[in-house]
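Copied over from TrEMBL:
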- 11-205: domain 'YjeF N-terminal' (DOMAIN)
- 57-61, 119-125, Asp147, Ala246, His358, Asp424: (6S)-NADPHX binding site (BINDING)
- Asn58, Asp115, Ser150: K(+) binding site (BINDING)
- 211-478: domain 'YjeF C-terminal' (DOMAIN)
- Lys394, Gly395, Ser396, Asp397, Thr398, Gly423: AMP binding site (BINDING)
Amino acid sequence: MPRQIMTVAEMTAADRAAAEAGTPTIVLMERAGRAAAEVIRERYARCPTVVWCGPGDNGGDGYVIARHLRRRGWPVRVEALAPPASPAAQWAAGRWKGETGPLVSEPGSAALYVDCLFGAGLSRPLDGEADRLARIMPGAARIVAVDVPSGLVGDTGRPLGERSLKAQLTVTFHRRKPAHVLAAGRAACGEVVVADIGLEEMGQGRLFENDPGLWAERFPWPAADAHKHARGRMMAVSGEAWNTGAARLAARGALRIGAGVVTVLSPPGALAVNASHLEAVMLAPFESEFDLQTRAEKADAVVIGPAAGVGEATMRHVFALARNGAALVVDADALTSFADDPAALFSALDRDDVLTPHPGEFERIFPGLLAASPERITAAREAARRAGAVVLLKGSDTVVAAPDGRAAVGLNGAPWLATAGAGDVLAGFIAGLIAQGMESFEAACAAAWIHAEAGAVHGPGLIAEDLPGLAPSVLRKLWEARER
Ligand SMILES: NC(=O)C1=CN([C@@H]2O[C@H](COP(=O)(O)OP(=O)(O)OC[C@H]3O[C@@H](n4cnc5c(N)ncnc54)[C@H](O)[C@@H]3O)[C@@H](O)[C@H]2O)[C@H](O)CC1
Ligand SMILES: [K+]
């Protein structure tokens, strides 16, 4: 089942739909508060606790949490920034029979703090007492944030003003918001737990968490009678003699992820070098761009860019490959080569093609777009629309976006992947899955997830050469978990 990431507006709509369907806000608030209190009790031993309550429904959640903790014998009190303003929060405050005082917390004044100052309704930068708290509370303070750390914008994961509070743990409701998946927001949220409060899934969303629930049903497992050609043909374009390893990493990645036939297309001067390193991966020479087009005619997916060299020749090679039907995975130098004329690249692409820029390459072909976007999901979606192709924007929060507006954010990024050549293998994983018939957006999502999972499985000391060999253990997990 795909798991949606919902915007603040979509959550508000879900709230309203629930109310119209007969579930009033106070019922949702009671469920939210009870669930959050449960999560707190699971993770922290009973200890002197202060719940900071704002004037809105986020604060309302706080009064419910305080009541549930107190009922379980927790020494808990509420510090209110302002009296409850919303009817639901007034209802919740009315049922809180414990102590309520002003916002006087200092670091160390309690063992645990629950941040219910602001959530989805933050409408201006923190100021006054709330800002003081955000200033004096150290990042390591034991703070549990409800919905989002106060001051953080749910749709971007960035503070609305100068700063936001930070949390060790954030309990949100129903679905993650962008703040819970984007790197900046994840740093402020700490561990994110999603509590169910009985809201209906709102199906029209186009933004998803990138995990097997999004694409596993369509993972291209071989049919019982599969032969290698049934599992598709992938090719990788090699660089010149001193730059051949990247294409081989991509080729090996494609082979490991299941492509049936994999070939490195090599300039004459690099044939001997490539030949001496290859076994199951085949080798074919090309000299001119017409050779390349001919050699790649039967390919289902081709990776071009890793160590291809930046310049006219690589541009011509991209155009040559684009004249065939194969899906292209355009990476690294093949992206940078179009820095002066991105439109020329875009005009050669179609919706099956995949661009795999890291932020620097993204800036070269979509100049200023990241800075002009509220966050990288919007940037990647706009890039996919402009390019008319799938765009995978790398990072610890890798975003995959399709021209039709679908997007997915990776939650399993691992720092170990920051090693030379890892991107070459990722390009190979993507092409390897497309070669087996997977639709390009889902192939890019699955490849990114498997790539990150492989990196996390290995952990410290990971180098790119390890990655293809780590794919089988991740594939086995997917194979064993598949719907029978
Ligand atoms: N979505 C759900 O299913 C549920 C959400 N719940 C909780 O409700 C909050 C959203 O509540 P809302 O009242 O809309 O907003 P907030 O409580 O975040 O605050 C709005 C409140 O605060 C004032 N305000 C905004 N910014 C500032 C500021 N910088 N300084 C001072 N005051 C500010 C604003 O004027 C309003 O009065 C959501 O996050 C969930 O926690 C339900 O309880 C459970 C179901
Ligand atoms: K909060």
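The backbone N, Cα and C atoms fix where each Cβ goes, and this holds for glycine too.
Structure coloured by features recorded in TrEMBL.
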| residue | record | Cβ neighbours (10 Å) |
| --- | --- | --- |
| Asp57 | (6S)-NADPHX binding site | 26 |
| Asn58 | K(+) binding site | 27 |
| Gly59 | (6S)-NADPHX binding site | 30 |
| Asp115 | K(+) binding site | 32 |
| Ala120 | (6S)-NADPHX binding site | 23 |
| Arg124 | (6S)-NADPHX binding site | 8 |
| His358 | (6S)-NADPHX binding site | 16 |
| Gly395 | AMP binding site | 16 |
| Asp397 | AMP binding site | 22 |
| Gly423 | AMP binding site | 25 |
Binding-site residues whose CB lies under 6 angstroms from ligand 2, from Gly59, Ala120, Asp147, Ser150, Gly423: Asp147, Ser150
For Ser396 (AMP binding site), nearby residues of its own chain (Cβ under 8 Å, 6 or more apart in sequence): Ala183, Gly413, Pro415
In three-state DSSP terms, the structure that Asp115 (K(+) binding site) belongs to: strand
Cα distance (Å, whole number) from Thr398 (AMP binding site) to Arg124 ((6S)-NADPHX binding site): 29
Additional residues surrounding AMP, by Cβ distance to the Lys394, Gly395, Ser396, Asp397, Thr398, Gly423 centre under 8 Å: His358, Leu393, Val399, Gly410, Gly413, Leu417, Ala448
Binding-site residues whose CB lies under 6 angstroms from ligand 1, from Asn58, Asp61, Ala120, Asp147, His358: Asn58, Asp61, Ala120, Asp147
Number of Cβ atoms other than its own within 10 Å, given for Ser150 (K(+) binding site): 29
Rounded to the nearest Å - Cα separation of Asp147 ((6S)-NADPHX binding site) and Asn58 (K(+) binding site): 8
Asp61 ((6S)-NADPHX binding site) CB neighbourhood, other CB atoms within 10 A: 33
Cβ-Cβ distance under 8 Å to Thr398 (AMP binding site), same chain, at least six residues away: Asn210, Leu392, Val409, Gly410, Gly413, Ala448, Ala452
Leu122 ((6S)-NADPHX binding site) as reference: those binding-site residues from Asp115, Ser150, Lys394, Gly395, Gly423 with C-alpha within 10 Å of it: Ser150
All-chain count of other Cβ atoms within 10 Å of Lys394 (AMP binding site): 24
Other same-chain residues whose Cβ falls within 8 Å of the Cβ centroid of Asn58, Asp115, Ser150, the recorded K(+) site, in sequence order: Trp52, Gly54, Gly59, Gly62, Cys116, Leu117, Phe118, Gly119, Ala145, Val146, Asp147, Val148, Pro149, Gly151, Leu165
Candidate binding-site residues Lys394, Asp397, Gly423, pick with smallest Cα gap to Asp61 ((6S)-NADPHX binding site): Asp397
Residue pair Asn58 (K(+) binding site), Ala120 ((6S)-NADPHX binding site) - Cα distance, angstrom, rounded: 8
